[in-house]
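Everything below concerns the one structure shown next.
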Amino acid sequence: MKLKYKVILIINFVTVLFSIFTFIGYLNNLIGFRVVTISLCITIAMTVYLLYKKRKGFLLVYLIYLFLTNFGVFVTNIFLANPLVEYHGDLSWYYINTSNLFSIATFAILTFTILSNFISVFSKINPSRKFDIKSKGNNLFYYTGILFIIGFTIQFLFYIITGRLAINTYGDYVSSIQELPMYTYGIFFFSIGIAFAFSNVKKTHIKYLVIILTPQVLFFLITGNRGEVFYPILSALGVLIVRNYKIKWWMIITIVFTLFFVIPFIKVFRNMDSSSIEKVDINWFSSLVEIGYTLRPLGYVTRWIDGGESIVYGKSYLAPIQNIFSYIIPGLQPVNYEMVGYGFRYRLPGMGFNVIAEAYYNGAIVGVLIVMVLLVLLLWKFTNFKSFEMLSMGTAIVSVLINNIRNAFSFVPAYILIIIVIVIILLFIDSYLKKETKAD
């Protein structure tokens, strides 16, 4: 073992241990939240570096997004007494229950971080060498991915040109997509396309994928709909790391600049008139708090539980599976989400949801522990697939799981089932084409 790697492991171990002790101190009212937050930030940074070196790309990207979506507000709170200064309306979900929210979010992220470190250090299984980015994967999966990307881009432009999709403001955009059910499926296939393409692309061809993706990414950023960019791009970044693609410093700087300056500028510029351009005021924390606002559903869930509502012991995870089987098993009734406590989109309309909040609603802190453990094991398993075809499937599922960070679980089983069906169909086609080629 090289000396540099040993030093990294020691530093990483110390930061994890320090975060655990500071968190215990916080729970016993001995340490303030700022110390815990700073400690956790350092631990996350060291863990991300270790995961990158060990090519655990799926764990890496999931951890980053889990942290940003649940700790963006707390990180801002280190510097600002009121991190929600740009927000109005009912903010009691945060201010009344800040300590409880902080404890739950810290426990979840620290659990994920500790397990990721443990697997990275002690696991003897590493990504297959044949996945190296210098090699090209399955051609059928690669070109199917490109087809899905181009297909959704055409659909997106068609909706805009025909006036069915409004892009004047983010509010208009959200309202118009409610009337376009096929748009949601288009986005889903777009994310599958990105997963398939980057799982099988050769290093010298990455630039062509970037060219194909750039128009669509710009359209999403202009409309203010960043989610459709983050989920698939993060999964693509994850699989590139698994495939030993080297991330350059200029790439990291570009991402940070885009996140903290370009996107906030677009948001401000799109909501102002030409006479007030000189009054543009971009706050460094705007994007961080907006991403971290995903914490809000957890605030409501803890209020429900503290108010006497019972935890549901996994029912919200079983409900979508029951709904799938209700189509094929006579007499099995689908779950009516409007009639149950875990119909989150009806209880908190337009709010999205939160993976930690749903885990807490199902099993309190034990539920959070179980979900974090399962996620780490799943993401680790996807990293260790041995064929490009399975890696493609794993990357597509990772995109769904990243999407789930800011949404309820209800869509996840159906999306995973669709991905599996697509992969099976492509495997049959690929097998047939190879047989035909041999016959010729």
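Every residue, even glycine, has its Cβ placed from backbone N, Cα and C.
Keep in mind that this is a model prediction, so the values were computed, not measured.
Residues or ranges marked as transmembrane segment in Swiss-Prot: 7-27 (among others). If you look at the transmembrane segment (7-27), the same-chain residues 6 or more away from its ends with a CB under 8 A from one of its CBs are 33, 35-36, 39-40, 42-43, 46-47, 49-50, 53, 102-103, 106-107, 110, 113-114, 117, 121.
Positions annotated as transmembrane segment by Swiss-Prot: 31-51 (among others).
Look at Swiss-Prot and you will find 60-80 (among others) tagged as transmembrane segment, backed by sequence analysis.
Among the features that Swiss-Prot reports, transmembrane segment is placed at 102-122 (among others), with the record citing sequence analysis.
Distant neighbours of the transmembrane segment (141-161): 167, 180, 182-183, 186-187, 189-190, 192-201, 209, 212-213, 215-216, 219, 388-389, 392, 426, 430; these residues of the same chain sit at least 6 beyond its ends, with a Cβ under 8 Å from one of its Cβ atoms. Per Swiss-Prot, transmembrane segment is recorded for 141-161 (among others).
Residues or ranges marked as transmembrane segment by Swiss-Prot on the basis of sequence analysis: 179-199 (among others). Under 8 Å from some Cβ of the transmembrane segment (179-199) lie the Cβ atoms of residues 137, 141-142, 144-149, 151-153, 155-156, 159, 164-165, 206, 209, 213, 216, 228, 231-233, 235-236, 239-240, 243, 388, 391-392, 395-396, 398-400, 403, 415, 418-419, 422, all in the same chain and six or more residues away from its ends.
The transmembrane segment annotation in Swiss-Prot covers 204-224 (among others).
Among the features that Swiss-Prot reports, transmembrane segment is placed at 249-269 (among others), with the record citing sequence analysis.
Among the features that Swiss-Prot reports, transmembrane segment is placed at 324-344 (among others). Note on the transmembrane segment (324-344): residues 297, 304, 309, 312, 315-316, 353, 358, 361-362, 408, 410, 413-414, 417 of its chain, located 6 or more positions outside it, place their CB under 8 angstroms from a CB of the stretch.
According to Swiss-Prot, the transmembrane segment annotation covers 360-380 (among others).
Within its own chain, the transmembrane segment (382-402) has Cβ neighbours under 8 Å at 55-59, 61-62, 65, 125-128, 131, 137-138, 141, 145, 191-192, 194-196, 198-200, 230-232, 234-236, 238-239, 242, 375, 411-412, 415-416, 419-420, 423, 426-427, 430, counting only residues six or more beyond its boundaries. The transmembrane segment feature in Swiss-Prot is assigned to 382-402 (among others); the stated evidence is sequence analysis.
Per Swiss-Prot, transmembrane segment is recorded for 409-429 (among others), and the stated evidence type is sequence analysis.
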